[in-house]
Structure formats: structure tokens, C-alpha cells
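Per Swiss-Prot, the feature signal peptide maps to 1-26. The annotation N-linked glycosylation site is assigned in Swiss-Prot to 149. Per Swiss-Prot, the feature region 'Disordered' maps to 210-242. Look at Swiss-Prot and you will find 225-235 tagged as compositional bias 'Low complexity'.
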């Protein structure tokens, strides 16, 4: 039922479709009522994992292992009412492997409003950290942005694009947020999601990128290690929304 409301569904009879729409409308009314009576919705966090699986299966060619790992990690994280770490996902590969598409799907199926949700923060080095000489200010701003938004809502998603272009040392400020401590800087961050996207531009012997094997994941980049491991730990940038 949840998948139907997000647009990924098998088509059935008209009668079945009308019944599905009616059921979805009733469920939406109930959810809206619960949202007004308490903290049921946890900000904009409304995960639709069946819809995500459906969309990945229909529109992401190859990368079978990657799809399985992402869905498995999300299921375990979402179903845990009290996770001990934030969810940290690393999406890395060559152009055309679906990294950006997968990250947009994750935002779409986890948060109402998708990338436009105020709880989804999309960082681009070109837009938000263009001058390496300003690294100390960037560190201060990034730490403040993450801390402030997690204080406002623990269910937040932080998406870092083009990690290979980030100023050296900037991501070190995130290390405290990616561990297993209960509180960092007075903020509970264990329900947050961090996604790191890295483009691999390594060329082969003939000046071309190595061929992509179906279901194969490229080797993980070297640093920063806590940020670039797919693990169960886990802005637009400071001053902007995704």
C-alpha cells in the first residue's frame, strides 16, 4: 500500500486500484491524525521500503549486490526503534553506475518531500565548499549545521556528493557523529543517516575506465574511513536545503 502512494506498483484491475486508493486515503488520514497527536512521524521521516525495493528493481540496471546491501542496511536500521549508531552508506563508482539516482531514491522513499524535505541536507563541494583556503570556516559551519539540525530532528539525512572534490580534512569534523557514542556535543544523533558519494575516475592501461561488472562494487576509497564504510553507524549545505 505504501508503495502505491509513491508511484511504484504493479497495475491491476480498475476495481482493485480504486480500492487501493481508498485504503491509502484512509491510512493517510489515520497517519495525519497520529501526527497531530504525538511524535509518530518523527519530522518528515516516513519510510516506504517496499516502494524503494520496487523502484530499484525496475529502474537500476545491474548492481545487484549494491541494491541488496543498501536495502538490507535500511531495513535493519528503520526497524530498530533505538539504534546505537547512525546509518552510514558509501556509494562509490564510475559515471553511470547509478550513485546519484540511488541517493535521490533513498531521500524520496524515506522522507516526505524527498530531496526537498527540510530534513534532507545535500552538500556539494562546488556549491558549498569551493575554496580550500576557507577550510577552518567550513569545518565550523559544517559541524554547526549537522549539530543544529540533529538537535531539531534526530531523523535527518545528510548527503555528501562528490567526495573526491571535498577540501582535504573537511570530513574529519564528522567523525564524532559517525561513532557509537550516545551523545555528541549534547546531541542525540543515532537515528541520523549519512550518505557519501564518491566518483572513481581511475583509468585503465588504454586510458579508459575499467569495465563495470554486473553486481560488482568498486573498492572503497581510502579516507575518511569511518565516513566511507557501509556500516550500521549510521548540506543543500549550511544555510540551504537539499
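Cβ coordinates come from backbone N, Cα and C, glycine included.
Under the three-state DSSP scheme, residue 149 (N-linked glycosylation site) falls in the helix class. Residue 149 (N-linked glycosylation site) is surrounded by 22 other CB atoms, counting those within 10 A of its CB over all protein chains shown.
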